[in-house]
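Working notes, beginning with the structure itself.
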Amino acid sequence: MAKQGESRKFDPNFKGPIHNRGCTDILCCILFIIALFGYFAVGILAWSQGDPRKVIYPTDSRGQFCGQAGTPLEKKPFLFYFNILKCASPLVLLDFQCPTTQLCVERCPDRHLTLLRLGSQADRDYYQQYCKDGVNLSTKSAPDILKDKLCPAMIIPSKAFTRRCLPALGTMKGGVVVVGNETTFDDGGGHTVNATDILAASKKSNIVMEARQVAMRIFEDYTQSWHWILLGLVIAMVVSLIFIFLLRFLAGFMVWVIIVLVILVVGYGIFHCYMEYDSLKSRPGSNVTIRDLGLQLDFSVYLQIRQTWLAFMIILAILEVIIILLLIFLRKRILIAIALIKEASRTIQHVMSSLFYPLLTFALLAVVIAYWAVTAVFLSTSNDQVYKVFNTSACAYARETCDPKTFNTSNASAQCPDAECLFAFYGGETLYHKYLILLQFYNVFLFFWCANFVTALGQVTLAGAFASYYWAFKKPDDIPPNPIFSSLGRALRYHTGSLAFGSLILSIVQVIKVLLEYMDHKLKAAQNKFAKFLLSCMKCCFWCLEKCIKFLNRNAYIMIAIYGKNFCTSARDAFFLIMRNIVRVAVLDKVTDFLLFLGKLLIVGIVGIFSFFFFSGRIKAVESAAPSLNYYWVPILTLVVGSYLIAHGFFSVYAMCVDTLFLCFCEDLERNDGSPERPYFMSPELHDILSKATRAEDDRDGVEPSDSAKQLDEVRLEEETPLQQQQDGEIQLKQQGVLKQDNEEERPLQANADAEEPKEEKAAGAETSQGEETEKEDEAEVKEPTENQELKPGEKKEEAAPAAAQVEKEEPGEKQEAVEEPKEGSAPSAPQQ
């Protein structure tokens, strides 16, 4: 017992969450407030220095934004490359910038023209828009224009891709290259360029801009489908509320409905994947493997090969088998967990405001996420424009910084005739720019800290409200008014430091996990297998550590809500309490979590399936209403993640209720014994649920019953002992009455013999009869205090049993006295209404 802490002692003044409490972990509270002020300072600094237009708009060679409103380039939203072939240079991978002039244009070229072969005036006017400002093709010769790099040597048909003009060449689903009507082009200098060279240059350009291209296309999809995404999230919220509402009245039925529907939804997913897999059997190119296909920006390409659907089908089949096996092996525990969910539903009925508290948590988390995202964008765009020397031949000034205004008169221009001073990236040499990476790290760390603090605040608030219900002896009369708001006020007033302390520990572990993921990403190309193995082990260890800390924090917050102690003391008390009741944790807590997880999985499946059919245009009735998207999986994935978070928020109320009831139940068993002087606060239903669960688990494992189970058996034995004694005494008196009746029937037959016996023998017989009567009177006296012990205070005591002589006169089978029938059921507990 010493290793698991001391059990709680009986306290007649304890009535639930303590109201007379003081501030805890003040030092952590001060540290958290200082960190928040620093976070606000970083945000203000980032907002004053950053420019998010650098992410949204493409930038030309002079660092100007294409298509920016209020600028001369407002009507030129597309970026045009003078020589796309230079994007195939290795310098692209070093400097992340194509070493060619980049110009903002109104539209991408749709025809092939060369500068040296401009015939009509219409061709010159068309070509003019792809030259630098101030160039007159009629007055200046073509060689001079090419020497000064004022115009491109040629233009080819291009298409806008993320506002950049790239050659109209691409790879279709079947891997066929589309080149249009022409496959070779004249560059204007006597050289022929084929489509393969242009495609290679285009691919190099795609590598440089891949991240930005994907981000921009995703951003465009969000702008087209945001209202549908919002509608889907609202539907997920409504479905979650309906499930929670039905759990209150039909808990057992709804749990089985959830289980059956989850099996059916996953089964339908297997069926759909098989149908897609079978339908692609006769389609050309569908047998291409994912490895051969490689990385494609258009993710719908993967849905056109059979291997993708086969992988989906195998994953869903494995998931289906796991769920079915768990249901088979946990069937008895599931019945007990359903009863516990019913008790949680009864609790939530009296604390209905708890169902709407997740909305506050969502709002606070949305503020935290928005602040982090905006600050990160402004920090990443708070650099200055940096220009560097780009060239195609050997040059001593290559990749050095330069000034575009004075570059034409500098030594670099004289020694490197083919060099250009182009915009390279955003950076800087100031103190602010040097420590910019540290500011980004501080932004990430404070994001984790604030998000975990908001989650902890919700947990301690719900725990305080549910604990107020449990420790109310007369439910619902003794439940305090507005338990949610009272619990929230106590948490913010007294325990901000404790919540910050627990959140800080969890945030440190999460940040370390992020750093390990970053290192793993950097070491993917490394050949050191030992380093990879060590890194994988560290990631696994920190993942387990994060789960343990979350579990410990959750139970520590429950103890904080009840007793108002600091974080370390509460965590220790919660840990020891769980260890003293470890069997019940295994039986109920995790099985209940599994059932609630199935409920969340069902909501996610319903929303995901309907969103897939809608955004992929497979519902003919609303096909015209579906938006035209680059990646239709973007809103689907957003809805799946969002619906899971919404369902998790609502079902977390049930999970927190179950955990709080569980810890309060364990505390109740240790504080009280079910006697009239120390009655249980738990309801009789909850008492039966958890008692049966413990005994069933002990019987299954063949282990010695736990301390709390022994305590329940001792209390039950103490209650049954007086009743058993009373029943044994009644049976004994009935047997003695039957014997007396037999003696009376034998007396007339022996009357004559008795008359002939000597008087001495008659006297001896009379003494024997008198002794028997004395024994009967003693037994009746023993029975009387036994019955009086069973009576409760204030009740009228029953009369003692009649004397032995009176018993003889009673008819056989007649009862000697009215004995109160023993009551069946559990120990005295809190009354229910």
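Cβ coordinates come from backbone N, Cα and C, glycine included.
Automatic prediction, not curation, is the source of TrEMBL annotations.
Not measured: the values here are computed from a predicted model.
Residues or ranges marked as compositional bias 'Basic and acidic residues' in TrEMBL: 710-719 (among others).
Sequence annotations record features per position, and here TrEMBL assigns compositional bias 'Polar residues' to 722-735.
Annotated compositional bias 'Acidic residues' per TrEMBL: 770-781, in sequence order.
Marked as compositional bias 'Basic and acidic residues' by TrEMBL: 782-800 (among others).
If you look up TrEMBL, you'll see 807-824 (among others) marked as compositional bias 'Basic and acidic residues'.
Residues or ranges marked as region 'Disordered' in TrEMBL: 694-833.
Proximity of distant same-chain residues to the transmembrane segment (26-47), defined by a Cβ-Cβ separation under 8 Å and at least 6 residues beyond the stretch ends, is recorded for 371, 374-375, 378-379, 382, 432, 439, 442-443, 446, 449-450, 453, 496-498, 500-501, 504, 567. Taken from TrEMBL, the feature transmembrane segment covers 26-47 (among others).
Under the heading transmembrane segment, TrEMBL lists 226-246 (among others).
For 253-271 (among others), the entry in TrEMBL reads transmembrane segment. Long-range Cβ contacts of the transmembrane segment (253-271) within its own chain (Cβ-Cβ under 8 Å, at least 6 residues beyond either end) map to 243, 246-247, 312-313, 316-317, 319-320, 323-324, 327, 334, 338, 341, 595, 598-599, 601-602, 605-606, 609.
As annotated by TrEMBL, transmembrane segment applies to 309-330 (among others). Proximity of distant same-chain residues to the transmembrane segment (309-330), defined by a Cβ-Cβ separation under 8 Å and at least 6 residues beyond the stretch ends, is recorded for 259, 262-263, 266-267, 269-270, 273-274, 276-277, 280, 290, 303, 591, 594, 598.
The transmembrane segment annotation in TrEMBL covers 351-374 (among others). Long-range contacts of the transmembrane segment (351-374) within the same chain, counting only residues at least 6 positions beyond its ends with a Cβ under 8 Å from a Cβ of the stretch, are 43, 47, 241, 244, 443-444, 446-447, 450-451, 454-455, 457-458, 461-462, 465-466, 468-469, 479, 482-485, 645-646, 649-650, 652-653, 657.
Summarising the annotation, TrEMBL assigns transmembrane segment to 446-471 (among others). Remote same-chain partners of the transmembrane segment (446-471), defined as residues 6 or more beyond its termini with a Cβ less than 8 Å from a stretch Cβ, comprise 14-17, 32, 35-36, 38-39, 347, 350-351, 353-354, 357-358, 360-361, 364-365, 368-369, 372, 479-480, 483-484, 486-488, 490-492, 495, 499-500, 502-504, 506-507, 510-511, 553-554, 557-558, 560-562, 652-653, 656-657, 659-661, 664-665, 668, 681-682.
For 594-617 (among others), the entry in TrEMBL reads transmembrane segment.
Under 8 Å from some Cβ of the transmembrane segment (629-656) lie the Cβ atoms of residues 217-218, 220-222, 224-225, 228-229, 232-233, 236-237, 240-241, 243-244, 247, 298-300, 341, 344-345, 348, 354-355, 357-358, 361-362, 458-459, 462-463, 466, 592-593, 596, 599-600, 603-604, 607-608, 611-612, 615-616, all in the same chain and six or more residues away from its ends. Taken from TrEMBL, the feature transmembrane segment applies to 629-656 (among others).
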